[in-house]
Amino acid sequence: MNPNQKIITIGSVSLTIATVCFLMQIAILVTTVTLHFKQYECDSPASNQVMPCEPIIIERNITEIVYLNNTTIDKEKCPKVVEYRNWSKPQCQITGFAPFSKDNSIRLSAGGDIWVTREPYVSCDHGKCYQFALGQGTTLDNKHSNDTIHDRIPHRTLLMNELGVPFHLGTRQVCIAWSSSSCHDGKAWLHVCITGDDKNATASFIYDGRLVDSIGSWSQNILRTQESECVCINGTCTVVMTDGSASGRADTRILFIEEGKIVHISPLSGSAQHVEECSCYPRYPGVRCICRDNWKGSNRPVVDINMEDYSIDSSYVCSGLVGDTPRNDDRSSNSNCRNPNNERGNQGVKGWAFDNGDDVWMGRTISKDLRSGYETFKVIGGWSTPNSKSQINRQVIVDSDNRSGYSGIFSVEGKSCINRCFYVELIRGRKQETRVWWTSNSIVVFCGTSGTYGTGSWPDGANINFMPI
């Protein structure tokens, strides 16, 4: 082999070795980087259970790879397994209620495009709370807002915003509805939306953004539902619906829905004579509702729903300090737990209460005749003792000189217990305020607290003279 061939051979071998070494270095670098960034490994969940994420410890030739802390690199996260809500935690023990939210919709309408609404309510998923209301298909500063005192028109839609966000022009219209209820089962939202002719309305059941089922009027007399949140336990949601006379016997049915599909319908049973606009809350393993008797009683009906066998019972709140409006004064009002009290029972307003052992927390208008003012208090023995009237922990939410309206309950699951919250509808405009032609509302929201609290009043606050006519 001549000298030139030797040089070429040595060069080729050297180049080959260098290339192999270079490729090995790249492979080592890629492996090191991959192992460094893959800090957590998530096993696929089996049987719908969450599997813990554990650090991977890797040893190579007695060299421990140590993961760096405080890096700016996003770590891989285990996917959360979505489960149905079961509401099995106990009810929070509270001393009263603390301010939570106020949307100031009417005040903002004086200078902005805000929807005309009524029948508001609040409901929460796992992460956030949302406010709902039935819009009138118009903003307030719009001639279409004239005569919006009417409840049922084909332009009404269910509006949904994050709690505290007024219903502006960008608000989502969930469905067509002049009566509604909404709840989250842990996986998706269910909306019950009623619209159509008074004598032949349709209830649409919308789950996870899709229409899944429907039901038509069964008594041809204004099919209607709660105007507050429904309740879901272990994937089954329940909602109370009524069709029939608003001042006489009506046909109330309790529907059970799974992922938007009606799976069972139970008739109302028990001693309640008339049931409308129920405010429902989870009372594991069942659901309990406090409703409106628009026929015979100013004491509120109670509907107990068994979620396992679909059975229903009903009665009345025992408290002699009754919750509906209009009502007798507190000295002459009565309730025997089982029957309507036949005291100014005709007419009424949506309201709420909830049991606390033998006692009952409740809210009502301060006026016994009008939807004015709002107060809350606890009645000792008000859940178990007929005509109990011992009141403690009274709070004024809206002073008696200002208007209120519907009110209802919603539940919020905490780390160790389930808290009860309520909202108050603050109605403005017609019929009482005849300077304007519209009727709309804002809301104020309070939640139960185990702490201390002060005093105040949280009315709508809009100067009617500043408002569009």
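Backbone N, Cα and C define each Cβ position, glycine as well.
Because the structure is a prediction, the values reported are computed rather than measured.
Here Swiss-Prot has D293, G297 binding Ca(2+), and the candidate from D309, D313, D324 in that same listed site is D324. Looking only at Cα atoms, R371 (substrate binding site) sits nearest to N146 among the glycosylation sites N146, N200, N234. Nothing from the glycosylation sites N86, N146, N200, N234, N402 places its Cα within 10 Å of the Cα belonging to R152 (substrate binding site). Long-range Cβ neighbours of R292 (substrate binding site) (same chain, at least 6 residues apart, Cβ-Cβ under 8 Å): V275, E276, E277, C278, R300, P301, D324, G348, V349, K350, G351. For the binding site of substrate, formed by R118, R152, E276, E277, R292, R371 according to the record, the largest Cα to Cα distance is 21 Å, rounded to a whole number. Close to N86 (N-linked glycosylation site) in the fold, though at least 6 residues off in sequence, lie I233, N234, Y284, each with a CB less than 8 Å from its CB. According to its DSSP assignment, N146 (N-linked glycosylation site) is coil.
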